[in-house]
Amino acid sequence: MDERAALELVGGLVSRAGDDAAVVGDTALTIDMLHDATDFPSGTTRYTAGWRSVGASLSDVAATGATATAAVAAYGAPGFDDDELAAFVTGARDVCTAVGAEYVGGDLDGHSEFTVATAAIGDADHRVTRSGARPGDSVVVTGSLGRSAAAMALFDAGDTERANDLFQFMPRVAAGRVLGAHATAMMDASDGLARSLHQLAAASDCGMAVDSGRLPVADALAEVTADPVERAVSFGGDFELVAAVPPERVEAARAAVPGSLSVVGRVTAAADGVRLDGDALADDGWTH
């Protein structure tokens, strides 16, 4: 059973599962796990690992429209090197500070492989799920896509300094809070835009039609691959927000969202499926 099948199994047993974070009362809550072999390529600093792992949970909270307030991390490693542990905690603390949240500690454990489990909470005054998109809505994306794909290419090429910089994504907490007031459905693109579109379509019982010419592809990605659009769509690891917004609210959302907000397509009927430039888009993306 792969990760996707496992998630479907759990979703069939837990009725409230299926969104980026659970909302209990007025609190959003999420948990994530990352491993050395699947999430941290050779050359990833412990600072970047701290930033990225805690950032992933902050991003999940943001995807519900909640305001992230705090995060914790459990750090497992074969040994506890002073400099590595300090760098990890500093990265975790810094990403929280960057979005107005607080890093409040965690746990340590001896582990055969460097492994991190993180959790974050937030205030959920207004909840957005994956299941509210309707035909006619605009599909929007924050920021740019492909930073992580570019980082992986740079790690492979030995340019670890630049790769680590690209790997330190900014969780869209501020954007999620204001975009959530306009969106009918929203999630983050941690597993890739293609996968996110398929998940939103399935949850909302609709289709998605996206125009490659409208995609906000990161400049760094065009420098390292001959097909930046394909990588930006299918690679994942970017943690931008993908949302459905009624067309009459797009300009208000764009004016309110910090940073860029790109309209990349529209929500269609379920029978149309998920399409890129009119062609069926494969359900590809990051798999742990």
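The backbone N, Cα and C atoms fix where each Cβ goes, glycine too.
The feature Mg(2+) 4 binding site is assigned by Swiss-Prot to ASP20, THR30, ASP60. Over all protein chains present, the Cβ of THR30 (Mg(2+) 4 binding site) has 26 other Cβ atoms lying within 10 Å.
Annotated Mg(2+) 3 binding site per Swiss-Prot: ASP20, ASP60, ASP188, in sequence order, evidence recorded as sequence analysis. Around ASP188 (Mg(2+) 3 binding site), taking its Cβ as the centre, 26 other Cβ atoms fall within 10 Å, counting all chains.
Feature annotation from Swiss-Prot assigns Mg(2+) 2 binding site to ASP32, ASP60; the stated evidence is sequence analysis. With a 10 A radius on its CB, ASP32 (Mg(2+) 2 binding site) counts 22 other CB atoms from all the protein chains.
Positions annotated as Mg(2+) 1 binding site by Swiss-Prot, on the basis of sequence analysis: ASP32, ASP107. In this structure, ASP32 (Mg(2+) 2 binding site) is part of a beta strand by DSSP.
For ASP39, TRP286, the entry in Swiss-Prot reads substrate binding site. In the shown protein chains, 21 other C-beta atoms lie within 10 A of the C-beta of ASP39 (substrate binding site). In this structure, ASP39 (substrate binding site) is part of a helix by DSSP.
The feature ATP binding site is assigned by Swiss-Prot to GLY106, ASP107, ARG130, SER190.
Annotated Mg(2+) 5 binding site per Swiss-Prot: ASP191, in sequence order, evidence recorded as sequence analysis.
Between the C-alpha atoms of SER190 (ATP binding site) and ASP60 (Mg(2+) 4 binding site), the distance comes to 9 Å. Look at ASP20 (Mg(2+) 4 binding site): DSSP puts it in coil. Taking CA atoms as the reference points, ASP39 (substrate binding site) and ASP188 (Mg(2+) 3 binding site) are 17 Å apart.
Of all the binding-site residues listed here (ASP20, THR30, ASP32, GLY106, ASP107), ASP20 has the Cα closest to the Cα of ASP188 (Mg(2+) 3 binding site). DSSP assigns ASP60 (Mg(2+) 4 binding site) to a helical segment in the three-state reduction.
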